[in-house]
Amino acid sequence: MTGLRWKRVLVKLSGEALAGQQAMGIDPDVVGRIADDLVSAVKLGAEIGVVIGGGNLFRGAWLQKQGTDRVTGDHMGMMATVMNALAMREALAARGLKASVLSGLPIPTVCDTFTQRGGLEHLASDRVVLFAGGTGSPFFTTDTTAALRAAEMRCDAILKATNVDGIYTADPKKDPNAERYDRLTFEEAISRDLKVLDTSAFALARDNAIPIIVFSLQEAGALIEVLAGRGRATVVAG
Ligand code: UDP
């Protein structure tokens with residue numbers, strides 16, 4: 001397939017993206033809309049891995065605030081990401097697209113456990129691979145998981161979906177003078193402490209020379225535009 005700027009990509013969705021207008025939980029309409037975009041992308045010839053966060057269901061830090069051990073909370077957070085991945089798998093299956101959930105946190109009765117070889121095989125056979133369960137280790141985030149899986153899967157780019165169409169000089173919802181960066185270096189992103197991804201995710205992407213494209217999934221078709229190298233976005237690269 002021609003016309004794709006990025007062929008094999010790792011799409012990172014926050015868990016909150018699945019909640020839609022709800023404060024928490026999974027909105028099936030939103031999951032369906034994102035699944036539609038993923039189906040279109042695969043039809044164009046893209047090879048897609050997806051990391052979905054878990055913040056719409058649970059974050060480890062919430063339990064820590066209650067004085068409970070962080071590790072238990074992180075286990076719960078990682079399981080939340082598995083729930084989101086299962087929801088997305090079902091939405092993709094309903095659209096005739098085969099998808100596999102590979103979890104970094106082994107839950108063998110529910111889904112396959114992540115291995116690099118398994119992930120590469122699935123991607124090469126036109127399956128969408130949903131990388132669930134984070135890294136499998138506490139104290140990490142799903143942003144870092146996205147950078148890790150992108151490196152392991154030899155992805156051409158990480159597509160970080162947010163609510164705004166790139167990285168801005170200030171919060172565009174609060175500051176009318178905020179300007180969007182077209183391009184930033186990894187060093188700029190790290191030194192300016194831009195919160196769009198955590199520092200370890202930026203560093204891992206930098207060390208493996210994988211560009212990060214920050215874009216908005218709010219509009220249908222945005223994913224296709226980004227895959228084609230068009231659309232409004234910020235590219236973070238070396
Ligand atoms: N988590 C973890 N290890 C990982 C990835 C995630 O312990 O490798 C836990 C952590 O508790 C985190 C939760 O899973 O708060 C949900 O992930 P994240 O906060 O990254 O989700 P998002 O903000 O993308 O919705």
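A Cβ is built for glycine as well, from the same backbone N, Cα and C atoms used for every other residue.
Please treat TrEMBL annotations as automatic predictions, because they have not gone through curation.
Remember, predicted model here, so these are calculated numbers, not experimental data.
What TrEMBL annotates here:
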- 7-216: domain 'Aspartate/glutamate/uridylate kinase' (DOMAIN)
- LYS12, LEU13, SER14, GLY15, GLY55, ARG59, THR162, ASN163, TYR168, ASP171: ATP binding site (BINDING)
- GLY54, ASP74, THR135, GLY136, SER137, PRO138, PHE139, PHE140, THR141, THR142: UMP binding site (BINDING)
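Structural mapping of features recorded in TrEMBL.
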residue: LYS12; record: ATP binding site; Cβ contacts under 8 Å, 6 or more apart: VAL50, VAL51, GLY53, THR142, ASP143, ALA146, ILE158, LEU159, LYS160, ALA161, LEU197
residue: SER14; record: ATP binding site; Cβ contacts under 8 Å, 6 or more apart: ILE52, GLY53, GLY55, ASN56, THR142, ALA161, THR162
residue: GLY54; record: UMP binding site; Cβ contacts under 8 Å, 6 or more apart: GLY15, GLY77, MET78, MET79, ALA80, THR81, MET83, ASN84, GLY134, THR142
residue: THR135; record: UMP binding site; Cβ contacts under 8 Å, 6 or more apart: GLY104, THR144, THR145, LEU148
residue: SER137; record: UMP binding site; Cβ contacts under 8 Å, 6 or more apart: GLY104
residue: PHE139; record: UMP binding site; Cβ contacts under 8 Å, 6 or more apart: ARG70, ASP74
residue: THR141; record: UMP binding site; Cβ contacts under 8 Å, 6 or more apart: GLY53, GLY134, ASP198, SER200, ALA201
residue: TYR168; record: ATP binding site; Cβ contacts under 8 Å, 6 or more apart: ALA178, GLU179, ARG180, TYR181
Surrounding CB atoms that lie within 10 Å of the CB of GLY55 (ATP binding site), all protein chains: 22
Non-site residues, in chain order, whose CB comes within 8 A of the mean position of the CB atoms of GLY54, ASP74, THR135, GLY136, SER137, PRO138, PHE139, PHE140, THR141, THR142 at UMP: GLY60, GLY77, MET78, GLY134, THR144, THR145
Mean of the pLDDT scores, which run from 0 to 100, over the domain 'Aspartate/glutamate/uridylate kinase' (7-216): 95
Distance-selected binding-site residues near ligand 1 (C-beta under 6 Å), from LYS12, SER14, THR141, THR162: SER14, THR141
UMP binding residues GLY54, ASP74, THR135, GLY136, SER137, PRO138, PHE139, PHE140, THR141, THR142: largest Cα-Cα distance, in Å and rounded to whole number: 14
Cα-Cα distance, maximum over LYS12, LEU13, SER14, GLY15, GLY55, ARG59, THR162, ASN163, TYR168, ASP171, record's ATP binders, Å: 26
In three-state DSSP terms, the structure that TYR168 (ATP binding site) belongs to: strand
